[in-house]
Amino acid sequence: MTLPGHPTGMARPRGAGPCSPGLERAPRRSVGELRLLFEARCAAVAAAAAAGEPRARGAKRRGGQVPNGLPRAAPAPVIPQLTVTSEEDVAPASPGPPDREGNWLPAAGSHLQQPRRLSTSSLSSTGSSSLLEDSEDDLLSDSESRSRGNVQLETSEDVGQKSHWQKIRTMVNLPVMSPFKKRYSWVQLAGHTGSFKAAGTSGLILKRSSEPEHYCLVRLMADVLRGCVPAFHGVVERDGESYLQLQDLLDGFDGPCVLDCKMGVRTYLEEELTKARERPKLRKDMYKKMLAVDPEAPTEEEHAQRAVTKPRYMQWREGISSSTTLGFRIEGIKKADGSCSTDFKTTRSREQVTRVFEEFMQGDAEVLKRYLNRLQQIRDTLEISDFFRRHEVIGSSLLFVHDHCHRAGVWLIDFGKTTPLPDGQILDHRRPWEEGNREDGYLLGLDNLIGILANLAER
């Protein structure tokens, strides 16, 4: 992403760029062109059969011979069914990660890439146990599904015709499939299962719409923070539900490593705290989550009830992590090999957080430099953002993404709990939170995060 006013662009196609010099894409053909090729081939085969031309190979003879060398008429060919699975439209341009030199790439939407496929499993806070299902929805991606726009041919069962149709299948399919050998599948970190769907368009994903997040994204697209958040492309309907069309932040990375960092000193709204006090609701599921981390954490009364309230659980959750001490906490990490690390619930001290980032970046000094520069750009932009000063930002994350080609990016994500302040009120985002002042500690956390990475860079 760039500072405000700098055009954002789409990531370079996978297989291009510094990681694979000299590689070129296979020729691109639209579905319409492929259909014409297919129909022309079928017509040629049918015409040859109707004219009684001999087969070039494998012509059978009675008893192994054709009398007098005369050709035997070939059976009428069975034309395979052509199935076009999707549109041939080119994906719209959307912002992407920087190139090897750290420059944000210009818009380029001339190539249709494989859409990613969402996993139906949820790793809460990148965890394998759903300990933090109340946290906001974040996504990672690691493998792609079959491209929309593929052309599939159902081959004839006639052995004699099989080779003809196999040639056509190859002719039609290879231009579409060959540029995209490496595929990834979605992994959802934190949040509720089923929040995301594949968009079916390169560079985009769908997230289940909520009124608060829709409100925020519309306003963010007109704010200086536009280049620091996923590009928003409107709302679409899928299976009777509304979804937000968002930029796929992993598009253009090769085997991305991803870290989700939840920002702020709290992940609950003040109004949630008030409502919980007025109408307390005991949660057995949260009691079990608390017990799984620390059997001594519940009080005697909570042990007797075998339940806790949500505010009690969330305040405890933030107290055992770095949220209250540093203004952020690490939710989870997905490595390039697809493995997820989620054991950060008690990662609290600056030293512990530093070790986690060292492990995440694996000593890549170039990635560290780019992360640090990007965080400083984001902080500068937040400090002049009218949207930021007039909103309480709760449950939002910074998403860190890098790959082995030293591409790296950081974005603000998740605005489902971001709420506007009463007219005339603004936040400092660094002042300590006291109930009633609505301070979230976002910039406090970002200052500490930048300090930790700056210390790493000096080593």
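Keep in mind that glycine also has a Cβ here, set from the backbone N, Cα and C atoms.
The region 'Disordered' annotation in Swiss-Prot covers 1-26, 49-164. The annotation omega-N-methylarginine is assigned in Swiss-Prot to Arg35, Arg55, Arg62. The compositional bias 'Low complexity' annotation in Swiss-Prot covers 116-132. Annotated phosphoserine per Swiss-Prot: Ser135, Ser195, in sequence order. Sequence annotations record features per position, and here Swiss-Prot assigns ATP binding site to Ser195, Lys207, Gln247, Asp248, Leu249, Asp260, Lys334, Asp414. The substrate binding site annotation in Swiss-Prot covers Lys262, Arg283, Lys310, Pro311, Arg312, Tyr313, Met314, Gln315, Trp316, Arg317, Lys417. Annotated region 'Calmodulin-binding' per Swiss-Prot: 285-293, in sequence order.
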By Cα-Cα distance, the member of recorded positions Ser195, Lys310, Met314 nearest Asp414 (ATP binding site): Ser195
Of Lys207, Gln247, Asp248, Arg312, i.e. the binding-site residues, those within 10 Å of Ser195 (phosphoserine) when Cα atoms are compared: Lys207
DSSP three-state assignment for Trp316 (substrate binding site): helix
Between Trp316 (substrate binding site) and Lys207 (ATP binding site), the C-alpha gap once rounded to whole angstrom: 29
Of Arg35, Lys262, Lys417 (the recorded positions), the residue whose Cβ has the fewest other Cβ atoms within 10 Å: Arg35
Tally of residues which DSSP labels helix, strand or coil - the region 'Calmodulin-binding' (285-293): 9 helix, 0 strand, 0 coil
When distances run from the Cα of Lys262 (substrate binding site) to each of the recorded positions Arg35, Lys207, Gln247, Asp248, Lys334, the nearest one: Lys334
Candidate with sparsest Cβ neighbourhood (10 Å radius) among Leu249, Met314, the listed binding-site residues: Met314
Cα-Cα distance linking Lys207 (ATP binding site) and Lys417 (substrate binding site), given in Å to the nearest integer: 15
Residue pair Met314 (substrate binding site), Asp260 (ATP binding site) - Cα distance, angstrom, rounded: 18
Among Lys262, Arg283, Lys310, Pro311, Arg312, Tyr313, Met314, Gln315, Trp316, Arg317, Lys417, the record's substrate binders - longest CA distance, Å: 23
Maximum Cα-Cα separation in Å among residues Ser195, Lys207, Gln247, Asp248, Leu249, Asp260, Lys334, Asp414, which the record lists as binding ATP: 20
Neighbourhood of Arg312 (substrate binding site) by C-beta distance under 8 A, where only residues 6 or more apart in the same chain count: Glu302
